[in-house]
Amino acid sequence: MTRPPLVRGIFSLGLSVAVLKGVEKTVRKHLERQGWIEPQKVDYELIFTIDRLKNLVDNKREALTAEQPDAGELSWRKVFNFISRQSSELDARIYVLILLLSFLLPIAWTVLDGDRETTLEDKDNDCNVDLIENERRLKHYNDGERAVLQFGKNRSEPIILSYKDMNVLEGEHEFTSKEEHSNSHLTSKSENALSQVGSEDLLGCHLEKQLEEDKNEPNGEADGEDDNNREKDCSSSSEVESQSKCRKESTAEPDSLSRDTRTTSSLKSSTSFPISFKGSIDLKSLNQPSSLLHIQVSPTKSSNLDAQVNTEQAYSQPFRY
């Protein structure tokens with residue numbers, strides 16, 4: 001038993017030999033005439049005479065076709081005759097060249113077309129990769145940078161991607177300094193008002209003692225009344241001076257007083273007393289303003305405790321948390 005590969009090899013070899021023999025038989029006539037297989041003697045005189053006769057026949061044919069009326073017309077029969085005549089006169093080398101070209105041209109076309117498509121695809125891939133990398137560079141921001149781009153205060157302002165302390169701005173710093181100055185001024189005014197109330201309490205106690213002495217000594221009523229009038233005049237003059245000072249301070253700093261109108265009104269109401277005392281002096285009314293005095297240094301600020309913030313808003317510059 002022979003192996004299958006050996007049978008296949010013998011069959012392919014025999015087929016190739018048969019093809020070569022068939023090609024040799026078909027081309028032998030042309031090859032023998034040209035002298036490729038066996039060199040033979042050539043009679044050049046016979047060749048020249050044959051060429052002359054051929055030229056004469058061609059000239060006669062052209063003259064006859066020119067004399068015919070339908071010589072200018074073209075038909076498929078004439079075309080076929082011309083092609084067959086020219087193909088019969090071709091050399092065998094031209095036949096081989098035509099066969100090779102007919103086999104090689106489609107292969108070369110497909111190879112070149114495939115290379116061109118691969119180059120175009122490579123260029124497209126390179127362009128796509130460059131575009132993707134550029135988009136990644138443009139979109140590669142962290143949370144803080146995206147927050148600056150999304151939640152910027154003003155589009156005309158430049159975008160600052162570096163770190164910047166946004167806890168206290170310049171305008172807020174000026175506002176806080178003004179607020180501290182106004183608070184210090186209000187505390188100084190409240191202290192002055194408290195000192196004035198304390199001095200008036202002492203003055204009221206002194207007046208009460210003098211009234212008791214006047215009741216015990218009926219003989220010195222006239223002297224006591226003169227002393228009371230003098231003390232009333234002194235207290236009224238001191239109150240007028242204090243009120244004039246308060247008015248000057250209020251006109252000197254209208255901004256600080258306009259921010260806290262409630263506190264100033266409460267201070268004025270607590271420190272204001274009647275200029276002239278008529279009749280009996282109520283010591284409880286004198287002592288009452290000191291206990292009801294309400295001092296408010298800064299206004300209350302409302303806070304929203306229900307706010308929910310994500311990471312981009314937490315990193316954003318316009319917000320403070």
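Cβ atoms are placed via backbone N, Cα and C, with glycine included.
According to Swiss-Prot, the feature compositional bias 'Basic and acidic residues' maps to 174-183 (among others).
Residues or ranges marked as compositional bias 'Basic and acidic residues' in Swiss-Prot: 242-262 (among others).
Sequence annotations record features per position, and here Swiss-Prot assigns compositional bias 'Low complexity' to 263-272.
Swiss-Prot lists SER156 (among others) with the feature phosphoserine, giving similarity to another entry as the kind of evidence.
If you look up Swiss-Prot, you'll see SER199 (among others) marked as phosphoserine, on the strength of similarity to another entry.
The phosphoserine annotation in Swiss-Prot covers SER285 (among others).
Residues or ranges marked as phosphoserine by Swiss-Prot on the basis of similarity to another entry: SER298 (among others).
Among the features that Swiss-Prot reports, region 'TSC13-binding' is placed at 73-125. Mean pLDDT for the region 'TSC13-binding' (73-125) in the predicted structure: 78.
As annotated by Swiss-Prot, region 'OSH1-binding' applies to 139-195.
According to Swiss-Prot, the feature region 'Disordered' maps to 174-194 (among others).
The region 'Disordered' feature in Swiss-Prot is assigned to 210-275 (among others).
The region 'VAC8-binding' annotation in Swiss-Prot covers 233-321, and the record cites similarity to another entry as its basis.
If you look up Swiss-Prot, you'll see 299-321 (among others) marked as region 'Disordered'.
Taken from Swiss-Prot, the feature signal peptide covers 1-22, and the record attributes it to sequence analysis.
Residues annotated as transmembrane segment in Swiss-Prot, with sequence analysis given as evidence: 94-114. Cβ atoms under 8 Å from those of the transmembrane segment (94-114) belong to residues 27 of the same chain, restricted to positions at least 6 beyond its ends.
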Three-state composition of the region 'TSC13-binding' (73-125), taking helix and strand from DSSP: 47 helix, 0 strand, 6 coil
